Amino acid sequence: MKKSVKVVLGIETSCDETAVAIVNSNKEVLSHKILSQKEHAEYGGVVPEIASRAHINYLYDLTVSCIEESQLSLNNIDAVAVTSGPGLIGGLIVGVMIAKGIASVTGKPIIEINHLEAHALIVRMFYEINFPFLLLIISGGHCQFLIVYNVGCYHKLGSSLDDSLGEVFDKVAKMLNLGYPGGPVIEKKSLSGDSKSFVLPRALTGRCGCDFSFSGLKTAVRNIIMNHEYIDNKLICDISASFQECVGDILVNRINNAIAMSKAIDKRIDKLVVTGGVAANKLLRERMLRCASDNNFEIFYPPSKLCTDNGIMIGWAGIENLVKDYVSNLDFAPKARWPLESLRSNIMKE
């Protein structure tokens, strides 16, 4: 391996996935290990205490296995990248402590990674996407539009005023007794349903801006369920289809507004990147693709398996930061909240 090629170990423990990966600056994945904690399914959502203990139990062995699979040693690693926030603080502490231990023992640089930045940058591992671009993050914890000017340089255009979109998928699935996580099963059920069965509220779509509000949609679904004495599979499919159709309409409306806002700020912007767990939904992808095309925008998604949390995106974000010499001191602390727009705000917009 040429010396100019950078190799980064990435560690992700912000929620209920324990993940480790080794990637390089040639955009190659040398190893990737991920363990999705099934313990949360019976609770219909992530239990922070259970997640933290699972990371403690699994992360060390997963890291060793990842290094062995890559056929490298720690001496071949140029830096350690670790999610430092935002996320569940217990899990973040576990990942950060392991990463700091590796960095301390090896003398390698450590890079604290903003989890949302990792979602934002992972598409650049697969496509040639130059800055600036418009970003939509739709995940279990976040729902927001940002302009990405560079690594570490973001400008927020809008966000959810209440629930994140992924959270609403999970809560609707829980109401319908479909299990956790809710996104994949609602998408599957919607294929057999009638999307015109129920009229659901499309909050804020009559207004300018690109903020979201999903609390009314969640309440409307709950009311429909409560008004039916018997919940059969047909009703579940119809509710799922109507819900997903409503979400698609909201996304299209908000994307139209966000594109107009981004172009007014910077005329160079002609690309939309959509990432986060909800971005794996095929039907919503099709809706957003048509919307972007109607606005003469190119749209990009990460591979579906990398829309949800993973170690590859942390490793790649580490590469993006390392090539700019953005490394961290060992005394940083994990952060439950860490807005993207607060990163290196003094970087010049190139």
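Don't overthink the numbers, they just go from 1 along the chain as shown.
Positions of Cβ are set from backbone N, Cα and C atoms, glycine also.
According to Swiss-Prot, the Fe cation binding site annotation covers HIS115, HIS119, ASP309, on the basis of sequence analysis. The substrate binding site feature in Swiss-Prot is assigned to ILE137, ILE138, SER139, GLY140, GLY141, ASP170, GLY183, ASN281; the stated evidence is sequence analysis.
All features noted in Swiss-Prot, drawn onto the structure.
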residue: HIS115; record: Fe cation binding site; Cβ within 10 Å: 28
residue: HIS119; record: Fe cation binding site; Cβ within 10 Å: 29
residue: ILE137; record: substrate binding site; Cβ within 10 Å: 26
residue: ILE138; record: substrate binding site; Cβ within 10 Å: 28
residue: SER139; record: substrate binding site; Cβ within 10 Å: 24
residue: GLY140; record: substrate binding site; Cβ within 10 Å: 24
residue: GLY141; record: substrate binding site; Cβ within 10 Å: 19
residue: ASP170; record: substrate binding site; Cβ within 10 Å: 24
residue: GLY183; record: substrate binding site; Cβ within 10 Å: 25
residue: ASN281; record: substrate binding site; Cβ within 10 Å: 26
* C-alpha of ASN281 (substrate binding site) to C-alpha of ASP309 (Fe cation binding site): distance in Å? -> 15
* Structure fact -> Ordered by sequence, the long-range same-chain Cβ contacts of ASP309 (Fe cation binding site) under 8 Å (at least 6 apart) are GLU12, SER14, CYS15, GLU17, ALA19, HIS115, GLY277
* Take the C-alpha atoms of GLY183 (substrate binding site) and HIS119 (Fe cation binding site) and report the distance between them in angstrom, rounded. => 18
